[in-house]
Each structure stands twice: as C-alpha cells, then as structure tokens.
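Listed in TrEMBL:
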| type | residues | note |
| --- | --- | --- |
| BINDING | B:167, B:168, B:169, B:233 | NADP(+) binding site |
| DOMAIN | B:7-122 | domain 'Tetrahydrofolate dehydrogenase/cyclohydrolase catalytic' |
| DOMAIN | B:141-292 | domain 'Tetrahydrofolate dehydrogenase/cyclohydrolase NAD(P)-binding' |
C-alpha cells in the first residue's frame, strides 16, 4: 500500500488563472473584447466581504473588467432587482455574481432567477441547470467544474469509471453528477438517506464528498487506489486542547484525510484542494460568457489548459 | 424463489385516467376551468398518426378540450413556430405537444424551445429540465413520471432504496434519475460505457431499464426480490419460425421477461406495463398545467390517486 498522491489544487488553480489571463489578452487583442464581471454584495457579512474582495482582485489580475457593487444590508429586493436588470443590459458586463447569502428579507431565488442566464457565471439559474441536464452548452457551477478539471488532470479519460458523489445539493452534488455522467462515468449519487454509505463509497473509482460534515468519510470507506475529491470546508476546534480552549480552529474536509491517504491513489487536501479552483472557474465562466456573447470560441490557450473540460 | 408479481400498468393507467376525469369534472364545476391540450402533428408518419389519435381520444374521454393540428410534411419551420406562438397565447390551451419526430428540414430543438414552459406537457423544455434538477415544481416527462407512479404504488416509500437506471436519455433515463433522487433513493445511472453492467444491475433494489435493446437485461442480472421497470418497447421477429419468416413480429422490452420473473419481486410486462402510463401522465400534466395557470392546487381525487407523486 503506497501513500496517495496529493492533488495540488492551489498550483492547478494558479496555472489555470495564468491561462485565462493569456486568453483574456488574446480576445482583447484580436477582438477588442474585454470580459467583465460584476459582483454584487448586499450587507456586511465578513466572510462574504473576503470572498468578494478576492474575486475582484483575481478578476483584475486576469486582465478583466471588474465591478463590485456594495449595497447596504437594508437594500430592498426591488432595488436589487433593478441593479440586476441594469447589469443584464450593460454590454461591458458578461458575468453577474450576486454573493450569497442575501439578507433574510430578500427572496434569493427571485434574484437569481432575474439574472440573464447568458451572464449567470455561478451557473445557478434553472436555465443553466436545464442546459447542463440535457447536454447543451451551459454555464456550470464553479465548484463542480473545478472538481471535474482536477479529476481529468489526475485520471485522464473518466470513461467507464464508477463515480460516487456523496451529497445532492444544487450547487455541488447534482451538477457534479451531471458532469461525471457526461464524461461517461457510471454515476451513483449517495446522501443522508443512503442505507450503507460506507459500502457504497467502497465501490467508487472516483469519490466526491460534498456533504459539509467534518471528516465523515473514513479511510476504510475508500477503495484501494481510488481518486478522492474533498469538497468540504469545515471549521473545527484546533488539535491542541489548550489552543482549542482558547478558541483556535482549523479547517478539515468531509474526508478524514490522514486515514484516507493510506487507501486513495490520489486525494485533494483541505485547504489547498478544491477551494482555490472555485474562483478560477468563476473567471473561466466569465471568459466563456464573454466569448459566447460574441459567438467566439474560447481561445486555444484555455481550451488546451490542463483538465479543461470544454 | 417465488415468481414475481406482474405490475399491471394497463389497469393502473385506466384507474389514473378515471381519477383525472373526476379531477377535470371538479375544476370545470368549481372553477369553470376546462383543461385544454393541443397536439401538433407534422407529416404522415404512421406510428405518429396512431399516437396522436390515441392522445386526442383519451383527452376527450377525460373531459378535456382537445385540439389536433395536422400539418403537411412540407410545413416550414417558420409556420410551425407561428402555430406554437399562437398556442402559447391561446387561453383555452394549457398543454402543447409537438409530436416527434419532426421532418428533417425542421430544427426540433428550436421548436421545443419555443413552447411556453408552463404549457410544455412533454417536459422536454430546458426550463422544465432545470426546474426538475433543482427541485422546483416542474412539468416532468411523461414516461419517467409514469414509472415513478408504478414504483410508488408497488413499493410505497422509496427512501434509502438503491435504484439503478440503465440508460441516460433526456426523455427517460436522466429525468428518471432525478425523480428517484427526489424520492430519497440512492441512484446509480448506468449506460453503454458502464464496465460491468450485470454486476451494477445486481445491486439494484429498483431497476429501471431504458436502453432500447431487446431483452438485454438478463434474469441473473436481477437481485432476488428487486422491482423491475421495463421502459423498452422493441419489435422483434415472432417466436414461431414460420410466422417470423412471414414477417410477423412481437413486442419485447429491454428485460428478458421470462427469465427476470424468476428473480424479481415485481416486474412490468411489455406490452401492458409502462406503455399505457405515458398518455395517462400526459393527461395528468395537462391538468397540472391548467391548475397552475390559475394558481389552483390539483383536485384531491388526483393527489390521492394510487402512486401520485405530487
């Protein structure tokens, strides 16, 4: 039994962002097209502030046009819908991301439904979910898209492999299953109602854990040599009891990493695995949306990047 | 080993049509709402002629308003799109079905995309595929909806059962998987690229075969006691060699029925299993669309019918 290869999502994402930056330079030069991403943040949620700042920085680093709209927490739904409508009609904006969660007085579903599906770079609109489901070109949710790229880079062709996705959220589990099915995997979706989850996981050549429960997937749930993609990011008390008592925390995934390493052929760590891929795929979706708005193909340096599923 | 219970889809569909007729009478009486279905047939395909006639007859028998538009084979795409647009805006029509296949000079995808999703009683529009995928109320393709009703009637709660769907078409396999996932099954989608299909099928508590290959699923692929739903309808030569030589045929499913009966706990026959459910579910979708157009719930005699998933 040899130890798993650690899939370096941080390096992969950095490489992908570099290719996207080259692609942006290419469409700027050849087509005078400047991909633009608008991020909308309502309220003062500290985690959201960090995400939004990172998204803005990485968008600019990729050479894209970046706009951030920071609205007060008491913004009305009507005002937010007016902003979305304005962005839908703004020709300099190709991607619109409304940062979740929204304040409780706003109907998130109504706001997400108001985004032009062609600019829905989060891939949460029902039209994009439907296009993905029936196999039409879609904007695909960033996290599962990033997982697929890591998998293709690690495994090569996924054809005929048995993929088990644990979790059935609209944001990760369900679109992940669709992508794996398109890649010709036999796909099993397991979840909290699955009767023998350990045994189901043991049948996986590819195991994607997206349940949000710290270290739920144990080492002996993993088939020898399987590729494990850990989507979970859970904050738990620090290992050292004194530090934990002082309120120190650490991040763990949905997979018990140290145990799993002994069984898996390859595995993503937390942090530094799937996490960095999400914003990189947001940039990829923005470039895709910009190119499609002009009827252009993605530039070749992007379509030939490692693991690119397009 | 006891022999499987035969699931009588013909009787079930007749019962469902009766409940729907009661439901139609109810909304007519209480809300002056007459559900209306428009079926559009382009060209002279003999099988399509039969389907369309059956749909019209069963629609009228259920007390609904029924309109059939028969257009010549050389109808232009523009003319067909104009008709769809007219039906989209016709308040007496709640369901629109464009019979497939369309003549080769017409882009079927463009025509299906033009149907108002609220009237898309076939459930093929990307908006309905997306709504089903994310768990919003949708119009669901008729055949998988019928399969789900037969399953619920046969098994009761599906929670925690392992369902294996063989086939990944947009019309049956993929929406079937979504419905089974919503019903809390652990769901595996297998297909032509699946490496060990027999072994995958043997793990199924519920096996749905929708591949269009005569008798591909053998008896020993079926777990003792599993419930088998056979969606295939394949025409093969008659058993008697003389009759076969004379061009006589018979219908078989995707499952080797005689073999499978010895293993399954329950199984649908072909014909007389899933087939009759499809038009019954078309009527159900039309009633659903009509009720939703007025913001009404489905009448209670329908929501309490056997196997009703609503």
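Residue 1 is the first one shown; counting continues down the chain.
Cβ atoms are placed via backbone N, Cα and C, with glycine included.
The secondary structure of residue B:169 (NADP(+) binding site), as reduced to three states from DSSP, is coil rather than helix or strand. Those binding-site residues from the list B:167, B:168, B:169, B:233 that have a Cβ under 8 Å from chain A Cβ atoms: B:168. Shown in sequence order, B:210 are the residues of the chain, 6+ apart in sequence, with a C-beta less than 8 angstroms from the C-beta of residue B:169 (NADP(+) binding site). Applying an 8 A CB threshold to same-chain residues 6+ apart, the list for residue B:167 (NADP(+) binding site) reads B:173, B:191, B:208, B:209, B:210, B:211, B:212, B:231, B:254. Each residue in the domain 'Tetrahydrofolate dehydrogenase/cyclohydrolase catalytic' (B:7-122) gets a DSSP state, and the totals come to 61 helix, 18 strand, 37 coil. Largest Cα-Cα distance over the residues recorded as binding NADP(+), namely B:167, B:168, B:169, B:233, equals 16 Å. Around residue B:168 (NADP(+) binding site), a 10 Å sphere centred on its CB holds 24 further CB atoms from the protein chains shown.
With a cut-off of 8 Å between CB atoms and residues at least 6 apart in sequence, the same chain places B:251, B:253, B:270, B:271, B:275 near residue B:233 (NADP(+) binding site), listed in sequence order.
Note on the domain 'Tetrahydrofolate dehydrogenase/cyclohydrolase NAD(P)-binding' (B:141-292): its mean pLDDT in the predicted model is 97.
Classification of residue B:233 (NADP(+) binding site) by DSSP places it in coil, neither helical nor stranded.
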